[in-house]
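These notes are about the structure you will find just below.
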Amino acid sequence: MIKDIKHLIEPMDFTVEELDEIFNLAHQIIAHPKEFSHICDGKILATLFYEPSTRTRLSFEAAMMRLGGKILGFSEPNSTSISKGETLADTIKMVSIYSDIITMRHPKEGAAKVASIYSNVPIINAGDGGHQHPTQTLADLLTITSLKNGLNNHRIGICGDLKFGRTVHSLIKAMSRYQNNKFVLISPKELAIPQYIREEVLAKNHIEYIEVEKLEDVIESLDILYMTRVQKERFFNEEEYLRLRDSYILDRAKMDLAKDDMIVMHPLPRVNEIAYEVDEDRRASYFKQAEYGMYVRMALMIKLLGVM
C-alpha cells in the first residue's frame, strides 16, 4: 500500500514495491475496466500544459474520464493569467483550490518540484524540460513487464537523442533499479548521454553499458530497442537539428537483423526515425505502449487520490 506519497515528480518517488502495486492495478484495470469506471466520480483533474502535448495530455484526460472524473485546465498558457505575469506558485495555489489532483508539463527543469511545494493536492510531473517524464517511464515499465515477462535481465538499446531526451534519462534511472539489466547507448557524439547519467546512475549502480554510433552493429543483440526522435524544440541551431535529425532510421532492413522476440518502443511522437513499414512488424510495440500509458495513469491517479 502506498502511504504518504502526495506527488510524483520522478520515478524514484516510488519504491520498487510501490511501482509493482501500480502495475498490478493497471493490469486489473485492463482486465476489468467496468469495475473502475466510477471510482473517481466527483474528482477533478487539472491539466496544466505550459508546453505543447498531444498524447500525454489526452492520455491523462482519457484516464480520468474513464475513471468517472472530470477535467479542467489549459494547453495554451498565453490564454491564461500566466501571460499577465502570474507566477507558477500563484497558479498552483489557485488551481489546487479547484481540483483534486494536478498534472503539469513545463519547459523548465525542476518546475514540478516547485509546484509540489505550493500545492495542496497531488502533483504529477508530465515532463519538466529535459529533466524527467515519470509517467512515460511508468508506461515504459508496464510495457516491458507485460511484453517481456518482467523488468530484470534485459539488454536494452536506446537510440537517437540521448542528450535531451527526458524519457531516456528517466528510463535508465528506473531500469537501473532492477536486476541484471544492460544498456547499449546508440547516438551521435553530439547527442550522447549526459555525463551525470553515466556517473550518478550507471557507474554508481555498477550497471554494464556501452556507447556506439551505429544501430546496425548492435541491433541483433538487443531484447528491447527504445527509439527516440531528435527534438527540434531543444535546438537553437536549425542547421544542426537538420543534420542530426536523420542520424538513425529504423527500417525493415535493420529489423531483419534483430531477434524474433525483440520489442521496439518509442515514447512518440515520431518524425521519421521509424519507417512506417515497421508498423506492420509484430515486434513494433509503440502503439501498445501508448495504450499502456493510459492504463498506468489511471492506476497512478487511483493510488495518489486514495480512492482505493
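Cβ coordinates are placed from backbone N, Cα and C, and glycine is handled just like the others.
The structure displayed is predicted, hence computed values, not measured ones.
If you check Swiss-Prot, you get these features:
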| type | residues | note |
| --- | --- | --- |
| BINDING | Arg55, Thr56, Arg105, His133, Gln136, Leu268, Pro269 | carbamoyl phosphate binding site |
| BINDING | Lys84, Arg166, Arg229 | L-aspartate binding site |
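Overlay of Swiss-Prot annotations on the structure.
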{"residue": "Arg55", "record": "carbamoyl phosphate binding site", "CB count, 10 Å": "15"}
{"residue": "Thr56", "record": "carbamoyl phosphate binding site", "CB count, 10 Å": "24"}
{"residue": "Arg105", "record": "carbamoyl phosphate binding site", "CB count, 10 Å": "24"}
{"residue": "His133", "record": "carbamoyl phosphate binding site", "CB count, 10 Å": "27"}
{"residue": "Gln136", "record": "carbamoyl phosphate binding site", "CB count, 10 Å": "26"}
{"residue": "Arg166", "record": "L-aspartate binding site", "CB count, 10 Å": "23"}
{"residue": "Arg229", "record": "L-aspartate binding site", "CB count, 10 Å": "19"}
{"residue": "Leu268", "record": "carbamoyl phosphate binding site", "CB count, 10 Å": "19"}
{"residue": "Pro269", "record": "carbamoyl phosphate binding site", "CB count, 10 Å": "9"}
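Summary of the carbamoyl phosphate site environment: with the site residues Arg55, Thr56, Arg105, His133, Gln136, Leu268, Pro269 set aside, the chain residues having Cβ atoms within 8 Å of the Cβ mean position are Ser53, Thr54, Ser59, Ala126, Gly127, Thr167, Pro267. Among the binding-site residues listed here, namely His133, Leu268, Pro269, His133 has its C-alpha nearest to that of Arg166 (L-aspartate binding site). Under the DSSP three-state reduction, Arg55 (carbamoyl phosphate binding site) is assigned to helix. Cα of Pro269 (carbamoyl phosphate binding site) to Cα of Arg229 (L-aspartate binding site): a distance of 8 Å. Annotation note: Arg229 (L-aspartate binding site) sits in a coil segment as assigned by DSSP.
Secondary structure at Leu268 (carbamoyl phosphate binding site), as computed by DSSP, is coil. Comment: carbamoyl phosphate site residues Arg55, Thr56, Arg105, His133, Gln136, Leu268, Pro269; largest CA to CA distance 16 Å, whole number.
When secondary structure is read from DSSP and collapsed to three states, His133 (carbamoyl phosphate binding site) falls in the coil class.
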